[in-house]
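What TrEMBL records for this protein:
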DOMAIN    7-380  domain 'Major facilitator superfamily (MFS) profile'
REGION    395-417  region 'Disordered'
TRANSMEM  12-31  transmembrane segment
TRANSMEM  43-61  transmembrane segment
TRANSMEM  73-92  transmembrane segment
TRANSMEM  98-119  transmembrane segment
TRANSMEM  131-153  transmembrane segment
TRANSMEM  159-178  transmembrane segment
TRANSMEM  199-223  transmembrane segment
TRANSMEM  235-253  transmembrane segment
TRANSMEM  265-284  transmembrane segment
TRANSMEM  290-311  transmembrane segment
TRANSMEM  323-343  transmembrane segment
TRANSMEM  355-374  transmembrane segment
Amino acid sequence: MVHTIKPLTQLFLSCFIFMAGNGLVGLLIPMRLSLEEISTDKIGLILSVYAIGYLIGAHYSKQFIHKVGHIRTFALCGSLMSSAILACALTMDLWVWGVMRFVMGFAVAVTIATFDGWLSQTTSKDNRGQVLAFNQVVVFSAIAISQFFILLAPPSTTTLFILAGILFSFSISPLVVGRIHGPVMEEFDSLTLSQTFTISPLGVVCCISCGWIYAALINLLPIYSRSYGVVELELSILMASAIAGAVIMQLPIGFLSDRYDRRHLILGMVTTIIGLSIAFAFSFQHGLLIPAYVLIAVMSGLVLCLYPLGISETFDKVPQSQMVGAMSSLLGFYAIGSIFGPYSASLTMELMGPQGLFVTLGALELLFLGFVFYRMSVRESLPLDQQESFVMSSPNSVAPHLDPRTEYEEPPTEPSPMVDSVVQLALENPQAAVKLAQMFVKNDQDQAQAIAAALSEQETLGITQIYKSIIEHAPDLSADIADTLVSAQPDQMEQLVEFVMQGESENRNAILLAIADALPHFGSAAIQTAVDHIGDEQSEELLELTEEYFQYVHNESSQMRPADLAVEDPQQAAAEVFSHIIESASEQHDELAHKASKAMPEASEVVAETYISNLIDHHNEAPQDQDRELGDAISDYMEHVVENQPEQATEIAATIVEQAPDHASEVVEILQSNGEDEISSEVPQKS
């Protein structure tokens, strides 16, 4: 852990100082407005404007950073934050304060995106989860500690405003004097808000509710506390407790989330939050501050845990390739909730007094509780062992690439001198670049994949030509090179497969499977192309390819998430490939079916359906007296299934009977003769 964090010390130091300033501002703004006797509804409106700026900043942060660069973007945001808080110190004009709060929200969102961009580029697949968790600790520690800065001077003076401005300005220093270079901004497409809601209504409402309740609680708690005479040190402890609880409670909730159904956990959490709201209001109004500190810590922690639970709930239903986009949309929903939270609660407080805060929160919690019950009644959750794991996260991080559940992409690296030389030459003389690449690979095979990837970006060179040139001196890397090239240029797959099929048969299947792995839908198109180039005299090769491909699909699909399985559909891929194999092969259909079924048991039914259908079509073209041969073929196939795949015998038998009902009695007889009396009754017979 220390080895992972040490290179990022300057980055985390800047983050800590910036967030300390932001935490101070978050407490100082409502306190100062309250001291100036501004009406609660106007205070709530000004506080809500921050979330509008945050939403817009999060949406446009990528474009902004692309144009300006990471270091200059962070310097600009620090300057904007410093200028905005100092402007608030100069005037009490509410319009100015509203505009400055918008600027602060925008700057904070862009700053967080800048920090997370650095973290995404400097972490690996193995340590990004640790870095994400440490980042959350740094952020919340800074905000919690900053709550005690109000003890340094009265909020009615300009001292704390100046201190916040100093913190924002000083936060730039560690990055400016350090050797951290701006990373390349990773691109990803967000799901639209409507798409995300359609995919996971409960996940979306979780995030909206979290933003609504948490923003109302944290922003208006200082005003609520002042109404009961809780100020200075007691207020600092109260606010620090609420913020610290947001981190601490993620540990037990994460533990419970991995052991109990998530929807039941959310249901229990919301019920507990309602009880804690009542208990806190009672304790606070009766001066029981120590219990109140504990209650607010647990309550705020449970509320903020709704955000990562909402992400996990949504992740259950989206393929891994869409996780990053889903997280971006969920952050938008959280921000929308944060816009309405402070203002709606402030309206109630203006009408009912300070207790209006918890009246609003209680009403929201009851509405959310009802929605959870509704979703549980209309849609079943995934089995516990198939649900996504809980990952510590918060809206203070907008870098979905740090989440260990998302697809990991290696950060771009500087090309080696060899690769750079090949690329530069390829721009002027592609053929000479290929020869230079051969020379480099001959001397250093470790550069083969990087050189192949670089050459594949040149439109004047086909990947087949690149492949042929590279593997001449690096034959052991044939599969890896093929994977790299097809990943870069999938539209040229057919030409490469044709070339592979013309070469030596040794290692051919491994290369074909590598090509399939680089394509969607389990690379079924590549395997079908390969099958077209296998002659009738190569029946053994066809059997081997069939077995190895179906084994590959079985291994890959067994490790996939349910949402990914729904998109990739291994059963469909298996059906397409096997149908093409049967159509291409002139004989050995039964052996091909047995090989495919044994390698991929879950595809046994579609294999049997295709095999029997082909068998029937073949015999329909023959004279009627060959009907007995059809029965014999079905019987032989069924006997082989019972002997070698007894677990799938019933399902396969039902499929055969559905395709060939005239031979149902023969199928049932085979099941019974092999001790399958109980399951044979489940097979439909022709009446």
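Glycine residues also receive a Cβ, built from the backbone N, Cα and C atoms like all the rest.
Those TrEMBL annotations? Automatic predictions, nothing curated.
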Annotated stretches the transmembrane segment (73-92) and the transmembrane segment (159-178) touching (3 or more Cβ pairs under 8 Å): yes
Sequence-remote partners of the transmembrane segment (265-284) [C-beta within less than 8 Å, at least six residues beyond its ends]: 202, 206, 213, 225, 228, 230, 253, 256-257, 291-292, 295-296, 298-299, 302-303, 305-306, 309, 313, 355, 358, 361-362, 365-366, 368-369, 372-373, 376
Per-residue pLDDT averaged over the domain 'Major facilitator superfamily (MFS) profile' (7-380), given as an integer: 90
